[in-house]
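Straight from Swiss-Prot, the features:
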- 1-34: transit peptide (TRANSIT)
- 44-79: region 'Disordered' (REGION)
- 63-79: compositional bias 'Low complexity' (COMPBIAS)
- 129-163: repeat 'PPR 1' (REPEAT)
- 164-194: repeat 'PPR 2' (REPEAT)
- 200-234: repeat 'PPR 3' (REPEAT)
- 235-265: repeat 'PPR 4' (REPEAT)
- 272-306: repeat 'PPR 5' (REPEAT)
- 309-343: repeat 'PPR 6' (REPEAT)
- 349-383: repeat 'PPR 7' (REPEAT)
- 384-418: repeat 'PPR 8' (REPEAT)
- 419-453: repeat 'PPR 9' (REPEAT)
- 454-484: repeat 'PPR 10' (REPEAT)
- 488-522: repeat 'PPR 11' (REPEAT)
Amino acid sequence: MSISKAAFLNHLQTLSRSYRHRVLPQPFLAVRYMSFATQEEAAAERRRRKRRLRMEPPVNSFNRSQQQQSQIPRPIQNPNIPKLPESVSALVGKRLDLHNHILKLIRENDLEEAALYTRHSVYSNCRPTIFTVNTVLAAQLRQAKYGALLQLHGFINQAGIAPNIITYNLIFQAYLDVRKPEIALEHYKLFIDNAPLNPSIATFRILVKGLVSNDNLEKAMEIKEDMAVKGFVVDPVVYSYLMMGCVKNSDADGVLKLYQELKEKLGGFVDDGVVYGQLMKGYFMKEMEKEAMECYEEAVGENSKVRMSAMAYNYVLEALSENGKFDEALKLFDAVKKEHNPPRHLAVNLGTFNVMVNGYCAGGKFEEAMEVFRQMGDFKCSPDTLSFNNLMNQLCDNELLAEAEKLYGEMEEKNVKPDEYTYGLLMDTCFKEGKIDEGAAYYKTMVESNLRPNLAVYNRLQDQLIKAGKLDDAKSFFDMMVSKLKMDDEAYKFIMRALSEAGRLDEMLKIVDEMLDDDTVRVSEELQEFVKEELRKGGREGDLEKLMEEKERLKAEAKAKELADAEEKKKAQSINIAALIPPKAVEEKKETAKLLWENEAGGVEEADVVEMAKGVEAGGSNGQDPPSC
């Protein structure tokens, strides 16, 4: 059977096609999405689908929840409620880095930069914590920079940084150090009434010690009673300060009474050795040497149960040294140095060496005193400015200026800065020994060191210079200090009298001239009479009146010139404003003014003529519509 050609070709095309496997669709699996055995399964399925599809909550529901939250009224906070201070947990991250940077500046003795950096940080993204502020305040307190301390404290209060108990204690200490116990007690009362904090044991110790130092033992006793009312436990340190106040007042019975009171409150035995030194002084004052030495054995004997700190040892050493028992003090000092084992036990401190220095100096053993003073470094104690001043004062009082100047040279080696007392002490000692130039050099160094000597030190300098016939030097120091010191009339009279006696009346008048130019200085009538009298001696009694009249004339001319300058400035401003107005606007203003003037004169304005013409065209002068044809 034959097939046609067309059919054969069609058969070949069919064979040449590639066989394609037909993929059948998978059978439908019936999954029950809308039916669950429990609500928990349904919720779990919803959460799974949201995670799989990464679905977010609907926008409208999110906005609705925000609106509901915004509609909830917030409680109104009282702005007068004091803020609570931050906890130490706030000192992390950048704020901790800032704190460490401030500590670095303080270690470098750059307190001005530390305080300035703290101020600037308040308005930065890294606000300082109260702990950083307290660090700067404490450094300023140690260096007796009380003005800077109070300024920084006022600044942080305005900045809203809540103080903590340490801040309050530093302020109390500052006012007590500058002998302002009344202000310190006012701040304490405000703290008790308003602060959201409770006082600490350190608060009462600072107040009691400061009040005793300011000879206000009665107020210190009241603070002790207030301490008991507030529920604080009996503190032997507070009692030791009160006993010290009784010793200052030569009240031996008060010392023994306080000790008995403390002993009763502690159950019959005082195990803190801080009170035994003052108790020994009380016994020595009553000439009860036997009881004093028994107290000494009870405190530091071999079988003693009394806990002795460095401060307790210092009080005992002081009691022995001041009452003819310096040999016993030396034995105790040697034993204490052996017992000293930092950091486990601190048996000596800076005060220990100061007590021994005073004991050696009282016995005239100044070489031994300087040797003990230089041993501080061996026991990890660094002398401060007060320690140097204490020993230098003892040396200067005993005409040992050379040794005092050696100690002054050691201050720079130990990175200790002299203060006003240091320079004043050396200056006065130089004057006593007739070394006027050396004393004046110490004063000049003090001024160049940015220290602020008071008027009394300046007066002593001027007195010695005038007595030595160094009027030019005295005038030079006057010119240096007149803008730095608030001089009284006596200071002006002193230098003026010296100039007058030397026949230098022109220089005296120049001083008056400068006083008249200075608005902060008042030339009193008493001073004017003094100047007139000095001028009368030289036959120039009218010069002062001429000078004052000339000053009044110059002031009047200056005031008139100031008013003229202000008027010229005002005219210049009006000219500048006129220059900003375009010329066309100026012409329009002139034309408007001309029309107004013609109207007032009774003439007919062109604008009125135009309006009348328009009225005629519209239907007459009465404004009615024209009749229709």
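Backbone N, Cα and C define each Cβ position, glycine as well.
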Long-range Cβ neighbours of the repeat 'PPR 2' (164-194) (under 8 Å; 6 or more residues past either end): 82, 85, 130, 133-134, 137-138, 141, 144, 146, 149-150, 153, 200, 202-203, 206-207, 209-211, 213-214, 216, 219
Same-chain residues near the repeat 'PPR 7' (349-383), Cβ under 8 Å, at least 6 residues beyond its ends: 310-311, 313-314, 317-318, 321-322, 326, 329, 333, 336-337, 340, 342, 390-391, 394-395, 398, 400, 403, 407, 414, 416
Considering the repeat 'PPR 4' (235-265), which listed stretch of 129-163, 272-306, 309-343, 419-453 counts the most C-beta pairs under 8 Å: 272-306
Chain residues in Cβ proximity to the repeat 'PPR 3' (200-234) (below 8 Å; excluding those fewer than six residues from its ends, i.e. six or more beyond): 165, 168-169, 172-173, 176-177, 179, 181, 184-185, 188, 241-242, 244-246, 248-249, 262, 265-266
Counts by DSSP class (helix H/G/I, strand E/B, coil) across the repeat 'PPR 1' (129-163): 27 helix, 0 strand, 8 coil
Cβ contacts under 8 Å made by the repeat 'PPR 9' (419-453) with residues that lie 6+ beyond its boundaries: 144, 385, 388-389, 392-393, 396, 399, 401, 404-405, 408, 411, 460-461, 464-465, 468, 470, 473, 477, 480-481, 484-485
Beyond the flanks of the repeat 'PPR 1' (129-163) by 6 or more, those residues with Cβ under 8 Å of it: 82-86, 88, 90-91, 95, 98-99, 102-103, 106, 111-112, 114-115, 118-119, 122, 170-171, 173-174, 177-178, 417, 419
Residue distribution over DSSP helix, strand and coil in the repeat 'PPR 3' (200-234): 26 helix, 0 strand, 9 coil
Helix, strand and coil residues within the repeat 'PPR 5' (272-306) as assigned by DSSP: 25 helix, 1 strand, 9 coil
Counts of helix, strand and coil residues, the repeat 'PPR 2' (164-194), according to DSSP: 27 helix, 0 strand, 4 coil
